[in-house]
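According to TrEMBL, the features are:
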type     : residues : note
DOMAIN   : 110-246  : domain 'Peptidase S54 rhomboid'
TRANSMEM : 36-55    : transmembrane segment
TRANSMEM : 119-140  : transmembrane segment
TRANSMEM : 152-170  : transmembrane segment
TRANSMEM : 176-197  : transmembrane segment
TRANSMEM : 204-223  : transmembrane segment
TRANSMEM : 229-248  : transmembrane segment
TRANSMEM : 269-294  : transmembrane segment
Amino acid sequence: MANRDVERGGKQNRGVHNNNNYFYDESSRNTHWTPWLVPAIVVANLAVFIAVMFVNDCPKKINGPNKACVARFLGRFSFQPLRENPLFGPSSSTLERMGALEWRKVVHEHQGWRLVTCMWLHAGIIHLLTNMLSLIFIGIRLEQQFGFIRVGLIYLVSGFGGSILSSLFLQESISVGASGALFGLLGAMLSELLTNWTIYANKAAALVTLLFIIAINLGLGLLPRVDNFAHIGGFLTGLCLGFILLVRPQYGWEASRTNTSVTKRKHSMYQYVLFVVAAVLLVVGLTVGLVMLFKGENGNKHCKWCHRLSCFPTSKWTWERNKRVYYI
């Protein structure tokens, strides 16, 4: 929680205002870390997509003028016909083989690893580029401010939380994508703003801007084929993790260290309260979700209106074997 993080390699910036630190007060101190984890995650996702397309090998499996692969000059890396996959990507069967999230395989075939592997798969090049650009925009800023350990934990655990909620509510489909983890970073940004409220120079502007971005992204989750349950699960997980991992010393504490006549707590009482409440909610939420999932519970039976949070697939998008594929 202190300025001197356990992660090594950061540079201490004293009294320097960082415009990328979204509205922090000029007098606040912060540690600037060199981001490497977020770029590494981007490279890993690109590598996984290339591997998936290599395995997919569209020309070998689809023949005929009415089912021609897209960009056939790419050879085995060419895309499925647009009627099957309008995002320029592989088939649903390939995604399923490579680790897509599927409720039956997780619960009945004990393939719990799919709760994590689905985060590294994408339905197509459009899906991949959208998520990776969002990750660069959000993740690098957070890694610069808080280091790779905390940002990495938020990314992975949020993606895991999003997969749990998705499995509870979308049990007749498969899901792939990193948006659950990305929404976790957005949730962590919101909780970081709230728990570190005193060090912001333009509090209202920062809050309104962030809430607008979150609302727009959650609204896009209502589009066909988008797994909004993974978005919501990732966001709530990241929100709790932000209160736990992204706490900063309150404004004025650094100044009090240079004045022995002034005593000031490093953290405010409300920061401790938010820390404890978030930790309890996170542990209870993930535990209950996992227990319900592996007991074979259907979340829609416990929440009759929750299906409205995610849109049904459109009839204009047909995948082989009538397999519904959602992208996260």
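Glycine is treated like the rest: Cβ placed from N, Cα and C.
Counting same-chain residues at least six beyond the ends of the transmembrane segment (36-55), those with a Cβ under 8 angstroms from any Cβ of the stretch are 76-77, 79, 89-90, 94-95, 97-98, 120-122, 125, 128, 131-132, 135-136, 139-140, 143, 148, 151-152, 155, 178. Counting same-chain residues at least six beyond the ends of the transmembrane segment (229-248), those with a Cβ under 8 angstroms from any Cβ of the stretch are 1, 3, 28, 30, 146, 150, 153-154, 157-166, 168-170, 175, 177, 179-192, 194-196, 199, 214, 217-218, 221, 267, 271, 274-275, 277-279, 281-282, 285-286, 289, 306, 309-310, 328. Below 8 angstroms of C-beta separation, residues 22, 45, 95, 100-101, 118-123, 127, 131, 134-135, 138-139, 142, 151, 154-159, 161-163, 166, 203, 206-207, 210-211, 213-214, 217, 227, 230-243, 245-248, 250, 270-271, 274-275, 278, 325-328 of the same chain, each at least six residues beyond the ends of the transmembrane segment (176-197), sit close to that stretch.
Beyond the transmembrane segment (119-140), the same-chain residues lying 6 or more positions past its ends with a Cβ under 8 Å from any Cβ of the stretch are 35, 37-39, 41-42, 44-46, 48-49, 52, 79, 85-90, 95, 98-100, 151, 155-156, 159-160, 163, 176-182, 185-186, 189, 325, 327-328. Taken together, the residues in the domain 'Peptidase S54 rhomboid' (110-246) have a mean pLDDT of 91 on the 0 to 100 scale.
Secondary structure of the domain 'Peptidase S54 rhomboid' (110-246) per DSSP (helix as H, G, I; strand as E, B; remaining residues coil): 108 helix, 6 strand, 23 coil.
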